[in-house]
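Here the structure comes first, spelled out in structure tokens, and everything after it is commentary.
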Amino acid sequence: MSPAVLHTSAALREIEQRAALRFGDPFELMRRAGRAAWQAVMQHWPHAQSLLVICGPGNNGGDGYVLATLARASGRRVQVCCLPDHEPRTDECRRARQEYVDAGGELVAGDGALPAADLLVDALFGIGLTRELQGPVAALVERINALSAPVLALDVPSGVVADTGSVGSVAVMADLTLEFIAAKAGLRTGGARDFTGGLHVADLGLEPTDLRSAQADVAWLRAPDLAHWLRPRRRDSHKGSNGRLLCIGGDHGHGGAIMLAAEAALRAGSGLVDVVTREAHVAPLLTRLPEAMVHGDSDGEDNSNSNGDSGGTASSGLDSLISDASAIVIGPGLGQGAWGRERLRAICASGLPVVLDADALNLIAAGVVAAPANAVLTPHPGEAARLLQTGITEVQRDRFAAARAIASRYQAVVVFKGAGTIVSEPCGNLSLIDAGNPGMAVGGMGDVLSGVIGALLAQGLPLRDAAVCGALLHSVAADSAAADGGERGLLPSDLMCWLRCHANRGAR
Ligand SMILES: NC(=O)C1=CN([C@@H]2O[C@H](COP(=O)(O)OP(=O)(O)OC[C@H]3O[C@@H](n4cnc5c(N)ncnc54)[C@H](O)[C@@H]3O)[C@@H](O)[C@H]2O)[C@@H](O)CC1
Ligand SMILES: [K+]
């Protein structure tokens, strides 16, 4: 089965043009869009007796006029509101408005007070938005958002950039966004997530074969996709056949981070987990996680303690742990001091698949250590900005472009965390993780993610698959944990039992 994909505006325009040619009438798709919108109104707001439809000058506005005509014909009280300089600018929009007016439809000026209605329909701008909303348009959107009636956005909430999910000064806050033809990548990441409300797709009767385009699309990963990677274990498997992950981190004062990564790795199925950390963290780590093999480094020199038999970790001890490992996670609580730097250098020379997180990313961004081959980088927006020597606002403005730029610059698979996590391969192929919730915005959540991805690398998944599957597993586990007790106050530790549960979903 080919994976689901998310589309860009360029792809949608290509698809629309081909479909219009096939239908022999450029108005047919708009007619279908308006009809789909009316069906959505009847399905979601069956008791709405009055509608206020706010129409812009392009084809998004045209969709609004078609909907208004249908709602009127069904006996609803309908008013269409439009700004003075939003007279139709396309043939289709002109035709849709004419049909509405010919049927006796009422128009009200959009620069005055908005009339009350049971439902607002946002048909101002769709994929044709070219700039930030300003002046009278921005004021109109602010008045829409101030009303208490629910809002249905057609195709895109006006003010949100469909390709990037970025939001300018203001945008319509919708309760539901009805996307036409196919799902859009930008509506599922970054700022857009606060404006779309629920997302529904109306395919307008196009077949999957109509949805091909020459444009690159984005792989769309949702919970059921986990089964693709998380196959049942072999019946005769033993701990050695499920990988050995080496987790390195936890300089003074940051012992919890590597503890979370190690526990998550065991819950995500790594057969064995070694931890290299500071001596002071050995006892608490073993108390919480006796399954881990913990190797402690004492201050200032290379001596170490170990509950195993591998000796010190700064030189020969670390070499021996590396040679036993199938994959490595380095960074959680690593710090940027000599202890962390030395270990990062040793890891980068190993050639093993490695997850770099937190201070490992900061050290690479600062040029202290060169990024290794075979790496998965897991930056949050602050780390992404440092890796690109730019600001957080810039990387968040186009998260897809930022993920691609990091992957290309460091020749690594990148998991760009945040609402709507994005995975980019060095070649630029993108995936979007359509799961997760704001409860994940808490310290330690990224440490869990690095442990999960490390565990999947240790179990033999290639870099991109481990990154995508790991990010999805992490988010799906967080969704289960949030469903269990709410988002606020969710702790990374709460994910552990859900990681195990979902890591076995594919096996059922
Ligand atoms: N092309 C097609 O075949 C179809 C298009 N459909 C609809 O058409 C939409 C795209 O239509 P358009 O390409 O006409 O674009 P839009 O209707 O999204 O908006 C374009 C118009 O808005 C103006 N504009 C853009 N940004 C602005 C800003 N910040 N402030 C003020 N004015 C601004 C532009 O100058 C242009 O006149 C889709 O989102 C969808 O809703 C649907 O009817 C389905 C079929
Ligand atoms: K809209």
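In case you wondered, yes, glycine gets a Cβ from its N, Cα and C as well.
Please treat TrEMBL annotations as automatic predictions, because they have not gone through curation.
Feature annotation from TrEMBL assigns (6S)-NADPHX binding site to 59-63, 126-132, ASP155, ALA257, GLY333, HIS380, ASP447. In the three-state DSSP assignment, the secondary structure recorded for GLY62 ((6S)-NADPHX binding site) is helix.
Within 10 Å of the Cβ of ASN60 (K(+) binding site) there are 27 other Cβ atoms, across all protein chains. Per TrEMBL, the feature K(+) binding site maps to ASN60, ASP122, SER158.
What TrEMBL lists as AMP binding site is LYS417, GLY418, ALA419, GLY420, THR421, GLY446. Within 10 Å of the C-beta of GLY420 (AMP binding site) we count 24 further C-beta atoms, all protein chains included. Secondary structure at GLY420 (AMP binding site), taken from DSSP and collapsed to helix, strand or coil, is coil.
The feature compositional bias 'Polar residues' is assigned by TrEMBL to 303-316.
Taken from TrEMBL, the feature domain 'YjeF N-terminal' applies to 12-212.
Residues belonging to the domain 'YjeF C-terminal' (222-506) score a mean pLDDT of 93 in the model. What TrEMBL records for 222-506 is domain 'YjeF C-terminal'.
Look at TrEMBL and you will find 293-316 tagged as region 'Disordered'.
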Next item on the list: In whole Å, note down how far the CA of GLY62 ((6S)-NADPHX binding site) lies from the CA of GLY446 (AMP binding site).
Entry: 44
Note to self: Using DSSP and collapsing to three states, where does GLY446 (AMP binding site) fall: helix, strand or coil?
What the structure shows: helix
Next item on the list: Identify which of the following binding-site residues, namely ASN59, ASP122, SER158, place a Cβ less than 6 Å away from any atom of ligand 2, and list them by sequence position.
Entry: ASP122, SER158
Notebook entry, point to check: Do any of ASN59, GLY62, ASP155, ALA419 (binding-site residues) have a CA within 10 A of ASP122 (K(+) binding site), and if so which?
Noted result: ASP155
Check: Looking at Cβ-Cβ distances, which residues of the chain lie under 8 angstroms from SER158 (K(+) binding site) while being 6 or more apart from it?
Finding: GLY56, ASN60, ASP122, LEU124, PHE125, GLY126, LEU129, LEU133, VAL141, ALA171, VAL172
Notebook entry, point to check: Of ASN59, ILE127, SER158, which binding-site residues come close to ligand 1, meaning Cβ under 6 Å from one of its atoms?
Noted result: ASN59, ILE127
Next item on the list: Express the distance between the Cα positions of LYS417 (AMP binding site) and ASP155 ((6S)-NADPHX binding site) as a whole number of Å.
Entry: 26
Margin query: Rank the binding-site residues ASN59, THR130, THR421 by how many other Cβ atoms lie within 10 Å of each Cβ and give me the one with the fewest.
Written below: THR130
